[in-house]
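Asks: Okay, handing you the structure first.
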Amino acid sequence: MLLSDRDIRAELASGRVTIDPFDPAMIQPSSIDVRLDKYFRVFENHRYPHIDPAVEQPDLTRLVETEGDEPFILHPGEFVLASTYEVIALPDDLAGRLEGKSSLGRLGLLTHSTAGWIDPGFTGHVTLELSNVATLPIKLWPGMKIGQLCLFRTSSPAEHPYGSPVYGSRYQGQRGPTPSRSWQNFHRTKI
């Protein structure tokens, strides 16, 4: 069940959901707007001949921080990692879904490639997978609205929420845009 603005306010007031920093003006009818932080991970395309999800590639990305009040420029065809300004914490019976903002999508900005799902129990900044599919560069201003977080109540609390040792939870407590850790539990079925 998708939570309404009333339910979102109640979950925040009870402390079961935390969003830090929280601005009540970010609550929408069935979501909470989230803002862009000032840190970005750019890909160092010259470091490796290819990307291999089975192998640790520590120099694949480099952290960039915008200067002062300057925007980050995302060029056509570019892909970077960024993160929400807010730290989000969910209880064991609420899951989240991060969606892009319609107004930004209409400019050619994709907020996430595939990883918009947030499991019950997650705590941390949400890493964004930003792509510019437009034909002109897009200015990304730290602090701008970048997406909206929808919250869903699960049919029952998760037996092993995100962060429990059962699943590995590679991104629990992440701070800033976090590079892929796929190599830590890479799975491949022999075919």
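From the backbone N, Cα and C atoms, a Cβ is placed for every residue, glycine too.
In case it's useful when we look at the structure, here is the feature table from Swiss-Prot:
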ACT_SITE  Glu129  active site, proton donor/acceptor
BINDING   Lys101, Ser102, Ser103, Leu104, Gly105, Arg106, Asp119, Thr127, Leu128, Glu129, Gln148, Tyr162, Gln174  dCTP binding site
COMPBIAS  171-191  compositional bias 'Polar residues'
REGION    163-191  region 'Disordered'
SITE      Gly116, Trp117  site 'Important for bifunctional activity'
Asks: Counting across all protein chains shown, how many other Cβ atoms sit within 10 Å of the Cβ of Gln148 (dCTP binding site)?
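Replies: Around Gln148 (dCTP binding site), other Cβ atoms within 10 Å: 19.
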Asks: Let me know the most crowded of the recorded positions, choosing from Gly105, Gly116 and counting other Cβ atoms within 10 Å.
Replies: Gly116
Asks: Going by C-alpha distance, which of the binding-site residues Ser103, Gly105, Gln148 is nearest to Gly116 (site 'Important for bifunctional activity')?
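Replies: Checking each of Ser103, Gly105, Gln148 against Gly116 (site 'Important for bifunctional activity'), the shortest Cα distance is to Gln148.
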Asks: Where does Trp117 (site 'Important for bifunctional activity') sit in DSSP terms: helix, strand, or coil?
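Replies: Looking at the DSSP assignment, Trp117 (site 'Important for bifunctional activity') belongs to a strand.
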Asks: Give me the count of other Cβ atoms within 10 A of the Cβ belonging to Lys101 (dCTP binding site).
Replies: 17
Asks: Which one is it: of the recorded positions Asp119, Glu129, which Cβ has the fewest other Cβ atoms within 10 Å in this structure?
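Replies: Looking at the recorded positions Asp119, Glu129, the Cβ with the fewest others within 10 Å is that of Glu129.
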Asks: Reduced to three states, what secondary structure does DSSP give Lys101 (dCTP binding site)?
Replies: coil
Asks: Counting only residues 6+ apart in the same chain, whose Cβ is under 8 Å from the Cβ of Ser103 (dCTP binding site)?
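Replies: Long-range Cβ contacts: none.
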Asks: Taking the Cβ of Trp117 (site 'Important for bifunctional activity') as reference, which residues of that chain separated by at least 6 in sequence fall under 8 Å from it?
Replies: Ala95, Gly96, Arg97
Asks: Among all protein chains shown, how many Cβ atoms are found within 10 Å of the Cβ of Leu128 (dCTP binding site), not counting that one?
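Replies: I get 26 for this one.
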